[in-house]
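To start, the structure under review is shown below, and the notes come after it.
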């Protein structure tokens, strides 16, 4: 659906060159909700603005539905952009226009006739839960309602792709969740491909099917959300994951545990139906080890259960080896944190 090949953006001034993004390549499947996460200044917003050529790339290609946007003329690009919607962190609504007229604006620019515009706006208002706000002005709306107007406006021209640049960063947690649920519903209902730019791993956890981690202008890691959460390869991905699944033990506890003979500290991760398995009870019974729970959490990656357990296992070397074999047979990821 979307292929980004070796995309680079360099800002040049008289004194220096600043590399905003460098040699970025991504394949984004049709119908995916693709998260691009990074710290402030990593280059993620530049990347999303290059995708629809609000920023002109210095090099590389952006291919959507087989068409290279970087090779298009101004007229061709204007037509292509009608199939790419975008929503922003700070909404960018026209304060002098009503909700109805804000949603209608891109249709007016695209040259749609008045009856077509009216029909489309009336179709979008209930979709975003604003059917009773058509003639209200932005100043009378909450932050969440303003973003719903932004979403409806972005959907007005029936796009195939929706770009979301920090779309929930200005919202409170409850409103954030309602906006994410709306985007998830739109994705499932219309098969829309959504690209989510964010610095919050909880957004990725809640809604994304795939994720790319961008760090210092380059892609540090990418893949299906489940794979990245369970087996992160980069230090920056591990740091982001720890913000939603904190699993580091206090140093004083680790020092105390280090005095326990014949013990091992392990972290176990499980996904899906494994979350309801009696892992610890079976482990103690089958392997004759003692298992002390030090930390545990369980949550969802989209609709899939994901959990971690940090255990102190006590037993002789043979029992500990048998415990690892038992866990491996159940396809659980096991990481040894500390041997004693």
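Glycine residues also receive a Cβ, built from the backbone N, Cα and C atoms like all the rest.
Quick look at what Swiss-Prot annotates:
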DOMAIN    2-241  domain 'ABC transporter'
BINDING   38, 39, 40, 41, 42, 43, 44, 45  ATP binding site
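Over the domain 'ABC transporter' (2-241) the predicted model carries a mean pLDDT of 94. Take the binding-site residues 38, 41, 43: by the count of other Cβ atoms within 10 Å of each Cβ, the lowest one is 41. Within its own chain, residue 44 (ATP binding site) has 36, 37, 38, 197, 198, 199, 214 as residues 6 or more apart in sequence whose C-beta sits under 8 angstroms from its own.
Residue environment of residue 45 (ATP binding site) contains 21 other Cβ atoms, counted within 10 Å of its Cβ in all protein chains. Take the binding-site residues 39, 42: by the count of other Cβ atoms within 10 Å of each Cβ, the lowest one is 39. The Cβ of residue 40 (ATP binding site) has 8 other Cβ atoms within 10 Å, all protein chains considered.
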